[in-house]
Each structure stands twice: as C-alpha cells, then as structure tokens.
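Input: a single structure, listed below in structure tokens.
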Amino acid sequence: MTQVANRPYRSALYIPGSKERALEKAKGLACDAILFDLEDAVAPDEKVNARVLLKETIAAGGYGNRAKIVRVNGFDTDWGRDDVAAFVGADIDGILLPKVESAAMVEELARAIPDVPLWAMMETPLGMINAAEIAAHPRMAGFVMGTNDLAKELNTRFRADRLPMMGGLHLCLIAARAYGIVALDGVYNAFKDDEGLKAECEQGRDMGFDGKTLIHPAQLEITNAAFAPTEAEIDLARRQIAAFEEAEAKGEGVAVVDGKIVENLHIVTARATLAKHDAIQTMSQAAG
Ligand SMILES: CC(C)(COP(=O)(O)OP(=O)(O)OC[C@H]1O[C@@H](n2cnc3c(N)ncnc32)[C@H](O)[C@@H]1OP(=O)(O)O)[C@@H](O)C(=O)NCCC(=O)NCCSC(=O)C[C@H](O)C(=O)O
Ligand SMILES: [Mg+2]
C-alpha cells in the first residue's frame, strides 16, 4: 500500500459551476478541497455557460491551497468530452468523473487529459463491484462516494445508520486503502441538521474515510472537526512514539502506554496522525 496524499481532505465542498456568488464565496471558506461541479448541480441549459465561467474563474485564481477538483459530466452525455477538454492545462488538482464503473472508463479519462490526477465518483453497483480495478489505475488519486446515486441505484430507503449501503461503502474504502488513494464520504443532504451531520461524519471517520463531501458552507465546521485528529489522539501519538523510541533504545520491540502494548505498527498510525495534524496546521496557517 502506498500512502495517501499528504494534504488534508477533511472537507470537500461542492460548488455549482454556474453560481458566480458561491464560486466567489468559496475563496474565503475553510474547506480543504473544492469540487467545482458541472454535473448534477448545473441545469442542462446552463452547462455550456457554466463550463466557460468555471474555466475563467479557476484561471483567475484566489483559492489558496485548497485542492481544486473539477467534476465534469459523464462521457455518455453531450457535455462530458468538451468539459474535460476545457480543463486540459488548467491549474487544477484533479478531474472527477461521475459514475465510474470500470478501469476502461478511467483509462478513457486519462487519455483525454494528461498529467492531472484522476478522481472517480463511486455511485453505481458496477462501480462498487469493480472498485479495485478502478483504484488500481496508476493515475487514480481518490474516490468520492456518491451516496445519493447509490441509494437510488440500490433502491434503498434512507436510514440514519446507512446500513443498506454499508457493503458498497466498505468495498470502495477497502479498494482505496489497498491502492493508497484518498477516500471521501458522500454528502449529507439535510444541510440544516447539525446533529445528523455530526453523527454521519463520526460514522465516516470511524470507518476510515479521509473526509466528507459537503453541499453547503454551514457543514464545514462540524466536518472539519470530525475528520481532524483530536487533542487526545495527538497526545497519545506523541507519547506512543516517545515510549517506543525509548524501548527501542533498550533493544526492546514493544512499549506499553496507558496499559496497552505499542508495537511498530502502532507507530505507523501514530506518525500518520501527527502528519495529518501538521498538514491541517499548514493549511490553516496558509488560509490566514
Ligand atoms: C443547497 C443550496 C441550493 C442552498 O443554497 P442557498 O439557498 O443559496 O443557501 P444559503 O442562502 O444558505 O447560502 C448562504 C451563502 O452561502 C453560499 N453558498 C451556498 N452554498 C454554497 C456552496 N455549495 N459553496 C459555496 N457557497 C455556497 C451562498 O451563495 C450564500 O452566499 P452569500 O449570499 O454570499 O452569503 C446550495 O447550498 C447549493 O447549491 N449547494 C450545492 C449543491 C450541489 O453542488 N449539488 C451537487 C453535488 S451533491 C451530489 O451530486 C453528490 C453525488 O453525486 C451523489 O450522487 O450523492
Ligand atoms: Mg451522483
């Protein structure tokens, strides 16, 4: 397994590519990534104008070190190919293709846009089944769960515990972790329900997602907090590393912290926790 990118992805905010005001507002929002959307958030009549507006907006800059990822329309639509062509050579950090179902679809995207990291919306049953071959593509950088489409395709009912779609979420997480790419959880539609959002964020974090996709700025604070290491986790990581180094100096391979063993594998997790904390600090300092 390779390491996921060393930048935080706690919060990835969708912004409709057609909404000039929201595009401007995002320059001051505390999101780690922006998903500039040309797909579902943009009406058919607005698609072409949104593509032009988004291209100009991104070229003008102002998004700091937030990851800039453009979600294009699928290649089976009237707009997909032109969307991708419009961003060849643009200053973006990723291109996100909806409803990815196979490695062949990823390869088609790779051929259409050189160099840019590729991202896949994972939101159909075939996508879940083929998650491993999709994650394995050498340019694949991250998965974004499309839980609305997935619920539709699976014919699930909404449940707060998301039990009906757990199998799909796990398949994608396992594939993402196997190939060292980022995994972002789906959106929480009820953007005024803070309690519900918090619970779903905590579930996603417990499962191992790197962050969550969002539809409204009001969801940022809860999400950023949920996907950041806690003070207790940071403190424990530091103490584990110190104890393990002390044990190693004595020629021992195991330390004990808070009554629990600490071995080399726990140190990998501890270092990853501190690296994530540092990356978040760097991100916040750069945002001012
Ligand atoms: C949901 C919304 C339509 C609500 O919009 P609005 O009524 O304008 O909200 P507010 O008046 O509360 O907005 C307050 C200010 O915040 C700005 N704003 C709102 N949303 C965003 C945003 N996403 N990014 C940046 N800024 C935003 C407003 O402009 C207001 O600013 P100001 O006037 O200066 O104070 C709206 O939030 C929205 O359109 N959200 C995004 C919807 C979207 O992108 N949907 C597609 C992605 S979800 C999906 O497809 C997932 C996946 O594919 C799946 O299958 O699950
Ligand atoms: Mg979708």
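Quick reminder: no glycine exception, Cβ is built from N, Cα and C everywhere.
What TrEMBL records for 10-217 is domain 'HpcH/HpaI aldolase/citrate lyase'.
According to its DSSP assignment, GLU123 (substrate binding site) is coil. The substrate binding site annotation in TrEMBL covers ARG71, GLU123.
The Mg(2+) binding site annotation in TrEMBL covers GLU123, ASP149.
For ASP149 (Mg(2+) binding site), applying a Cβ distance below 8 Å and a minimum sequence separation of six or more within one chain yields PRO98, LYS99, MET121, GLU123, THR124.
For the recorded site, ASP149 (Mg(2+) binding site), the DSSP three-state label reads helix.
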